[in-house]
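According to Swiss-Prot, the protein has these features:
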- Cys12, Cys48, Cys81: [4Fe-4S] cluster 1 binding site (BINDING)
- Cys157, Cys161, Cys164: [4Fe-4S] cluster 2 binding site (BINDING)
- 3-118: domain 'MTTase N-terminal' (DOMAIN)
- 143-370: domain 'Radical SAM core' (DOMAIN)
- 373-438: domain 'TRAM' (DOMAIN)
Amino acid sequence: MNKKFYITTLGCPKNTADSMSMHHSLLEEGFTPATFAEESDFHFINTCTFIQSATEETIQTILSAAQVKKQNHQKLVVVGCFAERYPDNISSEIPEVDLFFGTGRYAQAGKILREKFPDLSPPKREFNDSLLEKLKLSSEIENYSKPYAYVKVSDGCNRGCSFCIIPSFRGKFRESPVEDILRDVDRAIRAGAKEICLVSQDTVYYGRNSEVLLDMVRKVAEIDSLEVLRLLYLYPDKKTEKLLRLMGETPKIAPYLESPLQHVSSKILKSMNRVGESSTFKDLFALAREVKPGLEIRTSFIIGYPGEEPGDVDQVLRFIEETRPEKVNLFSYSPQEGTKGAELKQTVSEKEKSRRINLIRDVHLAILEEIHESRIGQTYDAIVDSVENDQAVVRRFQDAPEMDEVVYVDDISLIPGMIGKIRIDSFYEYDMNGTWISK
């Protein structure tokens, strides 16, 4: 009895890593991955509820899957952040959901499914460690064909930011043993990944002290078959400075800093329960560019937080104009029930939030156009992500997969995973066109 599963993943790269853990658990219990959701017996939706728009996308995805379920006689399984946060709502308002569980049980997904649906589960198969590893590896090769992979180094968060609901359902910070991280990296590389992205809610908190964090990163970078190592979500504190210096000493680490600042006004940062100030953030960005030539920066800001005034927005504008981060993500603040921020008087209207975001975006787009102009004729180390519609989709090492710019190349002879040099020829608002000049 061949029972197939399919996993739809919403949200951030951390969810992608969790879906892989769930994928492996289902393989261990004898379930088979489906190529399409419509042909699966069990459709899993790994959800996101970080902000209101993510929650709305999750609900719409579940409702759409519920319609498909009726036609295909599937079981619909909702997992992750939304299931952890709103279990009562799922039970009472979405009866089409056959099973749901939260963020701490991804690695038990196969056993949970077998216990809940014993009559619909495949026969239990016994694997020795070697055979199981081969099965997981071959499944990754078949189902995760991109030349990059996400490896999670921890879960949960101890920061206590007043706008963030994640600790309430992800829990306190828990790090993965170095041995587990190295195993996951090795498996991803053997499955074809050329680039490894280390992800977590708070990567720099790993090990609680700088040396443990640096030692973990060094061990990953020392893996001979690894081509590119990318570090994601670096909280802007003193440990990040030490990590940046290691990046400068380690050629394999991508010239890329992702550090979500969320704001630069000291007043708003204090209300958000975050550390740092505009001057320390400027120093951090300057250090990153000093120790890693060619490095590009991705950051984010939450606009419209309670108490934010025009002067606070001006500080964000001045910061962007002075530091010129290449990639800026802007979020409209949405109060999350159960957070300290939601208890504050909401002083900024939705219309005003949109106006402020548009103002900041226009300023950054003007800067980005100048940055794009400076890229014309320049060459960059790059990796081929895919070939589709008679074009290759290429990504500079300065750009992270799935969230940053790509370069389109009219060369279908390129192969996903190929690493070489690309010349930038022209640009759009965000993405670029280029020529592959080295194979």
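Note: Cβ is positioned from N, Cα and C throughout, glycine not excepted.
Here the features listed in Swiss-Prot are placed on the structure.
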residue : record                          : CB count, 10 Å
Cys12   : [4Fe-4S] cluster 1 binding site : 20
Cys48   : [4Fe-4S] cluster 1 binding site : 20
Cys81   : [4Fe-4S] cluster 1 binding site : 28
Cys157  : [4Fe-4S] cluster 2 binding site : 20
Cys161  : [4Fe-4S] cluster 2 binding site : 19
Cys164  : [4Fe-4S] cluster 2 binding site : 23
Per DSSP, three-state class assigned to Cys81 ([4Fe-4S] cluster 1 binding site): helix
When distances run from the Cα of Cys48 ([4Fe-4S] cluster 1 binding site) to each of the binding-site residues Cys157, Cys161, Cys164, the nearest one: Cys164
DSSP-assigned states of the domain 'TRAM' (373-438) in counts, ordered helix, strand, coil: 3 helix, 35 strand, 28 coil
Cα-to-Cα gap, Cys81 ([4Fe-4S] cluster 1 binding site) vs Cys164 ([4Fe-4S] cluster 2 binding site), nearest whole Å: 13
Cβ within 8 Å of the mean position of the Cβ atoms of Cys157, Cys161, Cys164: remaining residues of the chain near [4Fe-4S] cluster 2: Arg159, Gly160, Phe163, Ile166, Pro167, Gln201
Other same-chain residues whose Cβ falls within 8 Å of the Cβ centroid of Cys12, Cys48, Cys81, the recorded [4Fe-4S] cluster 1 site, in sequence order: Leu10, Gly11, Lys14, Asn15, Thr47, Thr49, Phe50, Ala54, Gly80
The domain 'MTTase N-terminal' (3-118) - residue tally per DSSP class, helix then strand then coil: 67 helix, 23 strand, 26 coil
